[in-house]
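Copied from TrEMBL, the annotated features are:
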- R42: L-glutamate binding site (BINDING)
- G76, R77, W102, T150, D171, Q194, N236, T237: pyridoxal 5'-phosphate binding site (BINDING)
- 5-348: domain 'Aminotransferase class V' (DOMAIN)
- K195: N6-(pyridoxal phosphate)lysine (MOD_RES)
Amino acid sequence: MMQYFNFSAGPSTLFPEVIEQIKNDIGNWNNTHCSVFEYGHRTPEFTAFAKQMEQDLRDLLNIPDDYAVLFLHGGGRGGFDTVPLNMPQKHKKALYLISGHWSRESAKQAEKYIEVKNAAYVDDQFKRTKNDWTAESADCDYVYYCSNETIEGIETFDPPVISPNAYLVCDMSSDILSRPVDVSKFDVIYAGAQKNIGASGVAIYIVKKSLLGFAAPYCPEIFDWKINYENDSMYNTPATFSWYTCALTFQHLKKQFGNLANLEQVNINKANHFYNYLDQQDYYSNRVDPAVRSRMIVSFTTGNAELDTLFVQQAKQAGLLSLKGHRVYGGLRAAFYNAVSFEAVKALIAFMQDFAQKNPK
């Protein structure tokens, strides 16, 4: 039987153990004689489950007690609006550090609510510009950046240095839980679930409690951080299946890896194995500077659109799924999120070698 490997940028592959647990629970979750899709979110069983889910996330990321953890609707893109709608607006101005497509899109959305200063965090040559933005952020309410850009395959591993008068906000949608993070260096972290956490339909917000209560008067109540905190993220009916898959993933990470430092080493090994192959051949190319290459996702190309299309088609026939590049960027793309195995990476490299040999340029 052919083995299939999913390299989708999102929704992405889940751990096999999580899939098996979903199968086991589908008709009788937690001995309730109902699936989790059907069970009331305010029942004692589900509320206890939700509390444990939050605690598991706190354990994995070592989230301090003075941070709220919210599970909200809207996905990662929803954060483009909910951040400016909830942040204090003393200056009504924010600095957006642009490293790729998603930080650029978030800045566009923020312009509906506040003045936005754009600055290149990664330049057009896919190289990091600088990390000290103290002067540029001195008159800003907050500084926003995206730690992993999935379209270009760019990841920045250390947070920018900013003015002590500004808050730091990070979109970690595609690299959260892939490595240890010092949460105390951030004021707001948010992440859509469908990359490294679970099924699509929920976004996780980690917010300093001192920032709750600053929502703009026109902020919809379901996106008001303070209201959601006071209602345990259940101000309206939560996406229970998404919560459930997140919870299973948290449990699996704790059981399988113990901590994120151990998981980070696995991710480093996967990424290094792929980039080592990429750098020693000349059939495929990747334009990103090695200093900001993403461990989570790689964009590459043969340099020929027809060959790229053929690559995707033949890869699918070989059991390697979802390797087409983003519609904005083109080319080829492979996600190596937490649940993508080392075996999958090796299978992709073997196919790339075979394809290059059979399709000379």
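Cβ atoms are placed via backbone N, Cα and C, with glycine included.
In this structure, the binding-site residues T150, D171, Q194, T237 were compared by how many other Cβ atoms lie within 10 Å of their Cβ, and the smallest count belongs to T237. Averaged over the domain 'Aminotransferase class V' (5-348), the predicted model reaches a pLDDT of 94. DSSP assigns D171 (pyridoxal 5'-phosphate binding site) to a strand in the three-state reduction. In this structure, the recorded positions under consideration are R42, R77, K195, and the one with the smallest number of other Cβ atoms within 10 Å of its Cβ is R42. Residue pairs drawn from G76, R77, W102, T150, D171, Q194, N236, T237, the listed pyridoxal 5'-phosphate binders, are separated by up to 30 Å at the Cα level. Around N236 (pyridoxal 5'-phosphate binding site), the same-chain residues at least 6 positions away in sequence with a Cβ under 8 Å from its Cβ are H73, I222. For D171 (pyridoxal 5'-phosphate binding site) paired with the residue listed as 'N6-(pyridoxal phosphate)lysine', the C-alpha to C-alpha distance reads 12 Å.
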